[in-house]
Amino acid sequence: MRTQYCGLTSEALLDQTVSLCGWVHRRRDHGGVIFIDLRDREGLVQVVCDPDRVDVFKAAEAVRNEFCLRITGIVRHRPEGTTNSNLTSGKIEVLAHELEVLNPSVTPPFQLDDDNLSETTRLTHRVLDLRRPQMQNNLRLRYKVTMEVRKFLDAQGFIDIETPMLTKSTPEGARDYLVPSRVNAGHFFALPQSPQLFKQLLMVANFDRYYQITKCFRDEDLRADRQPEFTQIDCETSFMNEQEIRDLFEGMIRLVFKNCLNVELPNPFPVMDYATAMGMYGSDKPDMRVKLEFTDLTSIMKDVEFKVFSGAANMENGRVVGLRVPGGGAMPRSEIDAYTQFVAIYGAKGLAYIKVNEKAKGRDGLQSPIVKNIHDEALAKIIEATGAQDGDLIFFGADKAKVVNDAIGALRVKVGHSDFGKKNGLFDDEWRPLWVVDFPMFEYDEDSQRWSATHHPFTAPKDGHEDLMETNPGKCLSKAYDMVLNGWELGGGSVRIHRAEVQSKVFRALKISAEEAQLKFGFLLDALQYGAPPHGGLAFGLDRIVTMMTGAESIRDVIAFPKTQRAQCLLTQAPSEVDEKQLRELHIRLRNVEPVVKG
């Protein structure tokens, strides 16, 4: 039917007959000549329908946007002054000799070049939305990324092995999606949150290097830019230490960016430990494009009269930090007030600040309502510690460390990305990757009054930290590592526990009894007793990588058929009700069901 793609038709085909298939992107009647912009996945080509060919011209008069056509014609130069440098085919046009309507179209609910469509409209009519060039480009880049990943891993000796989609429910942080078993009444499968345990078992089984590009499922609370199903580049390898694993996969990401975007990422990636990341940026995935850092002022604030500062400085797990904004003294009060409202989202009760007008004058050179409640020695130490200069602004965070880190960490990014930040050189618009390492092995859950695994309970402790799991879990560090790029976690992993007795120690630290551990993880504990090799791995979020590479506004723009923030598919209206007969077969009865809000 077709000899050439529309978007690839060029001067190389001048005076040749081509057959094209595609959709009417736009039809223009110029009083005697009809122009059709015909579109396929490769782009557009201009087709000319001349009244001298009566049958072609008559058919062209009837076509409308999104009609599916087959056109045969001669490639010729466009008339002088009508070329389009934005198109590969912009120097030529096709004079139609034949025009066949393969399928007409009803009037589309929107124009494909409308950039102001709501996401609801786009997702409801996803098939049409996917015809848009931007969506075509996004998904083709996604394909290219997966191909580059496969080529790299294949060359490194990794084997693509599928793991089960119907598996056992085990705690990994989020809620599982459960699948009732009809033939095993009262029992449920779970859809995997990750192939974590299976890939470890594959290492015990001597497959040495495994990978899989697979779907994972998490029944999480509603959050922006999260999907209940997502795609993971999942990898595991035996007989490699933490540094070797990081080096290997850093090379993979560097190659993907080079071959897909022609971007040279730094070699090697910088490495930062978790404590430094939290101390300087309030985040374990800091955006290194932003040139702002925390200054810890906790010790300085312990004896000041300003109770907001001294109270936080003296409380357990309290923290006081300063965020110096060079040139921020020029920031209008309205912008400062807006930032005050912004940090409230993260639990901050306010946003104190000091403008440094003339630091040589001491207290008299500082402008802020809080200055009167801070003694001269503390003020001098604040200026010295932050390195503030005339014309600078210092924001302060004072509260529990988590609130300060969340609020001032978000403020740091907000200021850096603002027009003010970009105009004042506080933001570098480039790719800034980073490894974050030495994560805490455990974190304390105040609600349940027990320790939980920071990553997952199969992460190995750092050398020399094994005994801390029982004596001081809060000081125990792990062999975990995250790859961060421009404030996003691209992937994370760890060296795994390969000895059953160490795995049992972790379960004890997490208050998982031997009986519960055997019930939930007995298959893993048993496997570890058969000479399990040292092993570790990493998993990358494919959706997130492609979102960053395309510059898409939402992760939903790089997934063909995504769910909404309410975990619904507006195209198919999933999830849906099922009939009573199906429920009875599954031994399920619904109770107190609330109406589902669609959209």
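Note that the numbers count up from 1, one per residue, in the order the chain is shown.
Just so you know, glycine gets a Cβ as well, placed from its N, Cα and C.
Annotated site 'Important for tRNA non-discrimination' per Swiss-Prot: His30, Gly81, in sequence order, evidence recorded as sequence analysis. Taken from Swiss-Prot, the feature L-aspartate binding site covers Glu172, Arg218, His455, Arg496. Taken from Swiss-Prot, the feature region 'Aspartate' covers 196-199, and the record attributes it to sequence analysis. Swiss-Prot lists Arg218, Asp219, Glu220, Gln227, Glu489, Gly541, Leu542, Asp543, Arg544 with the feature ATP binding site, giving sequence analysis as the kind of evidence.
All features noted in Swiss-Prot, drawn onto the structure.
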{"residue": "His30", "record": "site 'Important for tRNA non-discrimination'", "DSSP (3 states)": "coil"}
{"residue": "Gly81", "record": "site 'Important for tRNA non-discrimination'", "DSSP (3 states)": "coil"}
{"residue": "Arg218", "record": "L-aspartate binding site", "DSSP (3 states)": "coil"}
{"residue": "His455", "record": "L-aspartate binding site", "DSSP (3 states)": "coil"}
{"residue": "Glu489", "record": "ATP binding site", "DSSP (3 states)": "strand"}
{"residue": "Arg496", "record": "L-aspartate binding site", "DSSP (3 states)": "strand"}
{"residue": "Leu542", "record": "ATP binding site", "DSSP (3 states)": "helix"}
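When the Cα of His30 (site 'Important for tRNA non-discrimination') is compared against those of the binding-site residues Arg218, Glu220, Glu489, Leu542, the shortest separation belongs to Leu542. Sequence-distant contacts of the region 'Aspartate' (196-199), counting only residues of its own chain at least 6 positions beyond either end whose CB sits under 8 Å from a CB of the stretch, comprise 163-164, 167, 170, 172, 210, 212, 234-236, 456, 458, 521, 523-524, 537. Looking only at the recorded positions Gly81, Arg218, Arg496, the one with its C-alpha closest to Glu489 (ATP binding site) is Arg218. The least crowded of the recorded positions His30, Arg218, judged by other CB atoms within 10 A of its own CB, is His30. Annotation for Glu220 (ATP binding site): spatial neighbours Ala174, Arg175, Arg226, Pro228, criterion Cβ-Cβ under 8 Å with sequence separation of six or more. Comparing Cβ neighbour counts within 10 Å across the recorded positions Gly81, Glu489, Arg496, Leu542, the minimum falls on Gly81.
When the alpha carbons of His455 (L-aspartate binding site) and Arg544 (ATP binding site) are compared, the span between them is 19 angstrom.
Of the recorded residues, Arg218 (L-aspartate binding site) and Leu542 (ATP binding site) place their C-alpha atoms 16 Å from one another. When every Cα pair among Arg218, Asp219, Glu220, Gln227, Glu489, Gly541, Leu542, Asp543, Arg544 is compared, the largest distance found for this ATP site is 20 Å. Its Cβ taken as reference, His455 (L-aspartate binding site) is surrounded by 20 other Cβ atoms within 10 Å in the chains shown.
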